[in-house]
Amino acid sequence: EEDMYRDAEEIEREKILLCETGSSEYKLSVAPEMDVMEYCRKEWRGNTPVAKRMRKGYEAVAQKFASIRRVRGDNYCALRATLFQALSQATQLPSWLQSEDFTSLPENLLSKYDWIKHWQLKQKLGRKMGEISDEIKEYLILLRKKWKNISEIKDPIEKQEACDKLFKNEEEEYSLYEALKFLMLNTAIELYNDDKNGRRVPVFSWLLFAQDTSSNPCQLMHNHLNHIGHSGGLEQVEMFLLAYALRYTIQVYRLYKYSTDEFITLYPNDPEEDWPVVTLITEDDRHYNIPVRMCQETML
């Protein structure tokens, strides 16, 4: 699978490495950090209106963050960038990850909603219902374990090394994305039921279920969530769903929207005060990179 976000040379180098090593371990899901403006100069050299806008956008990012880390541009990219930032900053295990019934979620949902047996896991088809439940449970246990381990590391350098190591382990990394997708489904079901029972739901929930392709959670699973990571990435409305599933505010610098009200977009746009914030950068609402090293004056 070729990657639209990397140049031909980079893809070719990876292919050569793959032939030599016979493994994909060398692949970096999150590249080492690079100066924000240096990255911008490398990517946007021309004088087109788009290039000028991007440079202005990166200049604004550079007021707050010193460096950028490039995220591998496949269809898991939004999940990868969000989870990497959340784990990099984690100082404790979130309360929703601590709940006793967290790991029994797949079993509970499958007992109520028979259609979940069509959940697509890592492009493996034809599983039995029990197998799906067991496998998702394993992914949720892994998410809790990794989050707990990384949040307990006090030294920032060690914490970063632990995150880098996790995001070099493809088997574990992709298992975590499957856990996130399932949490998104669970959140969608909760919101849908709340709305049907007359409870207050966030505006994005109406938008999510107003789509012809996702008028209910079953359709959302079949037409959207099953495709994330395989044939599509996260749509805008699904960024809200991810934020609610993690109980994190996702702040995104949308560079192509520079000088508009949407340049810095929050998912959700009316976040809970106690939700932690992660920051991402996008040039096109498809591929996300992550800013790091908040500038000293900003921190003060």
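Backbone N, Cα and C atoms are what each Cβ position is placed from, and that goes for glycine too.
According to TrEMBL, the features are:
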- Asp74: active site (ACT_SITE)
- Cys77: active site, nucleophile (ACT_SITE)
- Glu262: site 'Linear diubiquitin binding' (SITE)
- His287: active site (ACT_SITE)
Practice problem: Inside 10 Å of the Cβ of Asp74 (active site), count up the other Cβ atoms and send me the figure. | Solution: 17
Self-check item: Glu262 (site 'Linear diubiquitin binding') and Asp74 (active site), Cα-Cα, nearest whole angstrom
Solution: 24
Practice problem: Provide, as an integer number of angstrom, the distance between the C-alpha atoms of Glu262 (site 'Linear diubiquitin binding') and His287 (active site). | Solution: 17
Quiz prompt | All-chain count of other Cβ atoms within 10 Å of His287 (active site) | solution = 20
